[in-house]
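Since the structure comes first, as structure tokens, the remarks are kept for the end.
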Amino acid sequence: MTIHVEGLVAIVLFYVLILFVGIWAAWKNKNSGVGDGGERSESIMVGGRDIGLFVGGFTMTATWVGGGYINGTAEYVYLPDHGLAWAQAPFGYALSLVVGGLFFAKPMRSRGYVTMLDPFQMLYGKRMGGLLFIPALMGEIFWSAAILSALGATLSVIVDININMSVVISALIAIFYTLVGGLYSVAYTDVVQLFCIFVGLWISVPFALSNPAVSDISVSAKEVIYQSPWLGKIDSNDKWLWADNFFLLMLGGIPWQVYFQRVLSASSATYAQVLSFLAAFGCLVMAVPSVLIGAIGASTDWNQTTYGSLPPKDKDESDMILPIVLQHLCPPYISFFGLGAVSAAVMSSADSSILSASSMFARNIYQLAFRQSASDREIVWVMRITIFVFGALATAMALLTGSVYGLWYLSSDLVYVIIFPQLLSVLFVKGTNTYGSVAGYVFGLLLRIGGGEPYLKLPPFIFYPGWVTEEKIHHLTGDVEYFVQQRFPFKTVSMVASFLANVVFSYLTKYLFESGMLSHKYDFLDAVVSKHSKEIMDKATLVGNHDNIILSEMAPVRQALGGSIAGTFTNTEVLSDDGESSPESFHSEN
């Protein structure tokens with residue numbers, strides 16, 4: 001395949017547009033949120049808390065609707081053994097935004113947190129916050145890698161350039177404008193990127209549908225033409241597996257910094273809820289062209305196209321069905337426009353995840369755990385460095401990835417099993433403490449890892465009921481790979497077990513210490529009977545009877561908020577380990 005000059009020009013134009021918008025947004029909002037004593041670092045993280053409905057709705061939608069979303073949805077609709085019935089992401093993530101808006105957005109925004117990890121550190125202490133940072137970071141890196149992988153696959157279809165080079169160049173552009181403007185650049189480029197995805201895909205769909213090689217998709221939805229019907233079906237043996245994956249997407253899509261970064265940047269708690277509902281609707285709308293393209297791929301006689309006699313599924317290229325359909329079933333000028341727009345637009349999730357990971361590290365690990373006295377300028381530089389580091393990690397993973405959907409599920413697993421039950425506990429359950437949090441973390445991790453992970457070639461050491469050995473045939477090489485398929489909903493069971501362990505061990509340790517069965521000197525985490533945490537078991541009654549604990553960040557937040565909350569939260573007296581107070585005693589009101 002020779003280089004398509006038109007496709008290369010389209011890519012360059014769209015990339016220049018995205019870069020221009022990112023730099024313009026950074027310049028336009030360079031002083032937003034930093035007046036009246038506000039801090040530049042917080043402005044980078046949450047955009048001065050003045051993101052409105054229009055930009056906020058677009059950026060929250062674009063956070064989910066990236067390369068993994070559009071390519072992965074088309075891939076699963078196209079796959080013969082899956083179909084639309086197994087393309088769970090559109091409904092799963094839309095429902096996660098609805099649930100997040102109903103129950104989680106308001107308490108998080110009204111309390112003025114800066115990152116998702118803030119309530120964990122306030123209740124459970126800096127050490128537990130550091131442990132919870134690990135699965136949160138892994139989730140963001142895996143997510144970014146899936147996005148960049150999809151981007152590289154798309155670019156490799158347009159022009160005959162090295163796929164590794166295309167991934168690296170794309171990552172560098174996303175990293176650059178994220179570094180320059182923080183959340184403002186990410187949010188404003190999301191508006192352009194989402195528009196590009198919408199126009200690029202919808203322009204292409206009618207041309208692909210009218211291609212002579214494509215059969216009627218309404219017929220191929222239920223009847224076998226070139227492969228099994230694209231509507232798909234759920235076998236009775238797989239119903240629990242399907243439910244497990246669906247709950248993973250619906251509930252595991254909530255406890256992400258990339259989501260709460262938008263919630264916390266909204267100009268009010270009510271706006272944060274509305275943004276979630278708007279994004280849920282946007283996710284469903286943006287999934288429609290991807291579903292249609294997957295159906296078109298399943299209804300095509302590829303022998304009549306320039307692609308070749310073998311269909312993509314027989315070349316192990318199912319994950320690239322969206323760019324393949326655009327390239328081979330549409331006129332050149334349409335395919336170049338569509339592919340160029342999509343290739344530039346799928347960066348909309350990668351930049352968000354990289355910014356989210358660097359925000360959590362700079363604030364919750366570097367500032368609150370190690371350098372409470374760090375200046376605002378220092379925090380900004382830490383963020384800039386970690387944007388590069390985490391971007392490089394995501395890029396490295398993108399070059400080694402398999403199925404887009406595989407990385408998608410993997411990125412949600414640890415977040416769902418470990419962080420979601422912790423978030424439930426810290427926001428809605430009175431009386432959980434650090435001991436319960438540690439127990440929940442360990443239980444969830446062991447039960448999830450024990451089930452194995454085929455995408456990491458990690459064999460299980462816990463064989464849940466209904467497990468089977470399945471084989472995967474690589475069509476190009478003829479190799480057969482065997483792996484254990486856990487049909488039991490062990491991920492959801494692991495999540496529930498983690499939540500119950502948190503509650504049970506919290507109240508057990510409270511009873512043991514307060515009854516005198518365990519000496520107070522063994523409260524080494526300062527979580528039950530220490531000087532400044534004797535009321536940690538009842539967050540609702542904590543009223544600041546310790547003079548050195550300032551709880552002003554619990555007050556309702558003004559419409560636009562600067563850095564005063566960060567200053568309160570980073571009270572060095574509260575976050576010191578000098579024996580007078582400890583970070584474990586810094587906890588919140590429910």
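Every residue gets a Cβ built from N, Cα and C, even glycine.
Per TrEMBL, the listed range annotated as transmembrane segment is 333-358 (candidates: 333-358, 541-566). For the transmembrane segment (165-184), the most Cβ-contacting stretch among 240-259, 271-296, 333-358, 435-451 is 333-358 (pairs under 8 Å). The recorded stretches the transmembrane segment (85-105) and the transmembrane segment (240-259) share 3+ CB pairs below 8 A when only pairs 6 or more apart in sequence are counted, and are therefore in contact. For the transmembrane segment (333-358), the partner stretch with the highest count of Cβ pairs under 8 angstroms, out of 7-27, 240-259, 435-451, is 7-27.
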